[in-house]
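As given in Swiss-Prot:
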- 9-16, 56-60, 118-121: GTP 1 binding site (BINDING)
- 213-220, 260-264, 325-328: GTP 2 binding site (BINDING)
- 3-166: domain 'EngA-type G 1' (DOMAIN)
- 207-380: domain 'EngA-type G 2' (DOMAIN)
- 381-465: domain 'KH-like' (DOMAIN)
Amino acid sequence: MIPVIALVGRPNVGKSTLFNRLTHTRDALVADFPGLTRDRKYGRAEVEGHEFIVIDTGGIDGTEDGVETKMAGQSLLAIEEADIVLFMVDARAGLMPADQGIAQHLRSREKATFLVANKTDGIDPDTATADFYSLGLGEVHAIAASHGRGVTQLIEDVMAPYMDAEEPEAELTDEEANAAYWAAQEADEDEIPEDEEDDFDPLSLPIKLAIVGRPNVGKSTLTNRILGEDRVVVYDMPGTTRDSIYIPMTRDEREYILIDTAGVRKRGKITEAVEKFSVIKTLQAIEDSNVVLLVIDARDGISDQDLSLLGFILNSGRSLVIAVNKWDGMSEEARAQVKDMLDLRLGFVDFARIHFISALHGSGVGNLFESIQEAYDCSTKRVGTSLLTRIMQMAEEDHQPPLVRGRRVKLKYAHAGGYNPPIVVIHGNQVTDLSDSYKRYLMNYFRRSLKVMGTPIRIQFKEGENPFAGKRNTLTPNQMRKRKRLMSHLKKGK
């Protein structure tokens, strides 16, 4: 499960600056759900290959009401949701009474907590952070969030328990590296690598289906409708996290695991809207799924929350099916307006199937599974190197790559780089310098050629590194002697 990091601290210590720094490392869309989450912000980030969800909370000021009262709002909930807490303090302002109150609360919680002193740029970090050791939270990590200094090292320290131990790679000498480079270049020119053996059988595993959406769009009704049709007893699988309910079921001789993010089995026990709609629960369910079923209320249209969820789904690379619920009872004119609005606002996800359903009455629900099955099959379909290379060559013939610094980009071969989502890796010369428009052209060409529906497709570009880049030629002893004789001859001529 992808870890969750919460940023807490007094106002104006740089929490939002660090949040933006982290979520922009891969231009992740920030999922912002005002009101429902009490103005907390959620984002997906990656630093040095480590992925995580980060929560930005409002500031906590130690007023006369007490820190505990302020904590009972957004920050306390964020701490409870998080696996890791980054307690941020202002190195320039020094230790404040509110910092001590927050630290006292954090020490009482069984959470991995890291003390982060921000705004250390331009000052001596050792001197500025000395007072914070009295908070009793261990080492103080000095950073400058606005400039990014120390942020990468901080995340590596924080994520250390979640990283698999990696064996260090043996370093090659310059001669070995040069020989390996040219050997690889010759191999690339002469032959296309063979496909590796893959024993993975997607049909042997159940499809993990996450049903997500805003509150009151009909997620629970749809879940009960699906389960009611199959007469499967609902129960909670042990070991599930964040209270998402994992429900095994079988449909058309195919096994599924339904991930119900609504978490509502007995309506009488739900007392707060926040309890019904946990953003973290939803985001982690998306990460854990193979296919995401996004439920939209036809009467409310596409809201900013829907687009935020949609952005997170796309960023996660999960397969997608869209269900427009509460379609029954709408007039033909209203239905036409909804369809026009969907075409306008969802044009960027043209690969996703859209179904118009009524979870309450069951109309259209059965057809959802055809698209779910199609999306899963497309995302896990194995495609050989020869076919991918042939498609790449056809795309190149139809539309030549543009010139880069006066030279034509050369596409050598393509192979599969991963699944769910499908990843195509293209090797060649100067491929990393291709324009964004040509990269989109290649992505759409592969999608059409492979008939991929219901899942995003990603294109990665790789080119061999030139071992001589940035190096100066060194003259041999013989060349040095010739150069010396030439220089002496020129001096005599003067």
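Glycine residues also receive a Cβ, built from the backbone N, Cα and C atoms like all the rest.
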Practice item. Pop the Cα-Cα gap between G213 (GTP 2 binding site) and N12 (GTP 1 binding site) into the table, whole Å please. Key: 33
Review point. When DSSP states are grouped into helix, strand and coil, how many residues of the domain 'KH-like' (381-465) land in each?
Key: 32 helix, 25 strand, 28 coil
**Study point:** Alpha-carbon spacing, T261 (GTP 2 binding site) to T57 (GTP 1 binding site), which is rounded to whole Å
**Key:** 22
Study note, to complete from the structure: Rounded Cα distance in angstrom between N216 (GTP 2 binding site) and I60 (GTP 1 binding site) is 31
Check your understanding: Of the binding-site residues G9, K15, T57, I60, T120, which sits closest to G213 (GTP 2 binding site) by Cα distance?
Key -> T57
**Study point:** Rounded to the nearest Å - Cα separation of W327 (GTP 2 binding site) and T57 (GTP 1 binding site)
**Key:** 37
Revision key, fill the gap. Fewest C-beta neighbours within 10 angstroms among the binding-site residues N12, T57, T120 belongs to N12
